[in-house]
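S.K.: Pulled the feature table from Swiss-Prot, pasting it below:
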- 111, 115, 304: Fe cation binding site (BINDING)
- 134, 135, 136, 137, 138, 167, 180, 276: substrate binding site (BINDING)
């Protein structure tokens, strides 16, 4: 089955072609980072308008790269949520219109299920069951995965997601958008031990997260440094390192607890923050000590992309899942509501 995947949940337009027998044939992505940088964050209306502008040219590009024509496509998968409603509607309406014109089915895909299954596109994919850490700008969740659509939520953030905390902390220190990569870049030049931040909710049992207090601690530390006359690049680097260490250690501690609770030794990390090198190193060491395995997607598939949507959609379409031509998207959509395959 040849599936065209469309991703428009936020600020990246992703298109890909996935074949159930030949694998990923082509993918293309346009990031709106430069468009939103001047505003310090994503502007929903601008995001939607840019998706409209980019979608069809990217589809043509992917078809050309794969050497395919529309008549060869068996189905279209598109992100139906969660995400920005306006942005989601661009992808959904495009997918349904093309599906109607080409006489093929279209299927809405859960954005975070796409992220969760992205490591399946690698040469050594994880086997079910496993524990997944979904960590991005909008989500921080620990999920027990027994199969596609068989998800048990083990823990999640009570406030800010980890990626959101990265971005907000970076913005408070006057760093460029997006803040996560900026924090990671500065942390590489930071001096360890100059600052120490709390590991939120690690002093109590359970698998819930909270990053708003950590963000406030970083803000207070930065303001105190500025008040003392030190707003140097090195001060930013040292705070960035301490902040990143706190987030990484918190995520690592919770992942270890989740694995023990589930009785598993396989961990999948997915979402934009999973590209963070310090997080990967920490989790690899933890799984190594447990004699377990950790899996993640290649860096370009950690952030939003069409390939993960095409793959996730293909799995459900092959299982016989279909939907009507009605255009329906959801800004919020718990993964536990998905039907199992």
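Note: Cβ is positioned from N, Cα and C throughout, glycine not excepted.
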S.K.: Restricting to the record's substrate-binding residues (134, 135, 136, 137, 138, 167, 180, 276), give me the longest CA-CA distance in Å as a whole number.
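M.R.: Among the residues the record ties to substrate, max Cα distance equals 17 Å.
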S.K.: Any idea what the Cα distance is from residue 180 (substrate binding site) over to residue 304 (Fe cation binding site), rounded to a whole Å?
M.R.: 15
S.K.: Of the binding-site residues listed here (111, 115, 304), which is spatially closest to residue 167 (substrate binding site) when Cα positions are compared?
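M.R.: Its closest listed neighbour, by Cα, is 304.
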S.K.: Would you mind sorting out which of 111, 115, 304 (the binding-site residues) have a C-alpha within 10 A of the one on residue 134 (substrate binding site)?
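M.R.: Matched binding-site residues: 115, sequence order.
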S.K.: Using Cβ atoms only, which residues of the same chain lie under 8 Å from residue 136 (substrate binding site) while being at least 6 residues apart in sequence?
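M.R.: In sequence order, 112, 115, 161, 162, 163, 271, 272, 273 meet the Cβ cut-off.
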S.K.: Of all the binding-site residues given, 134, 135, which has the fewest Cβ neighbours within 10 Å once its own Cβ is left out?
M.R.: 134
S.K.: Using a Cβ-Cβ cut-off under 8 angstroms and a sequence gap of six or more, which residues of the chain neighbour residue 138 (substrate binding site)?
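M.R.: In sequence order, 10, 82, 161, 163, 164 meet the Cβ cut-off.
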S.K.: Around the Fe cation site (111, 115, 304), what further same-chain residues have their C-beta within 8 angstroms of the site's C-beta centre?
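M.R.: For the Fe cation site, the extra neighbours are 7, 9, 79, 112, 114, 136, 271, 305, 308, 309.
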S.K.: Suppose we draw a 10 Å sphere around the Cβ of residue 167 (substrate binding site). How many other Cβ atoms does it contain, all chains included?
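M.R.: Total other Cβ atoms inside 10 Å, all chains included: 26.
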S.K.: Among all protein chains shown, how many Cβ atoms are found within 10 Å of the Cβ of residue 276 (substrate binding site), not counting that one?
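M.R.: A count of 26.
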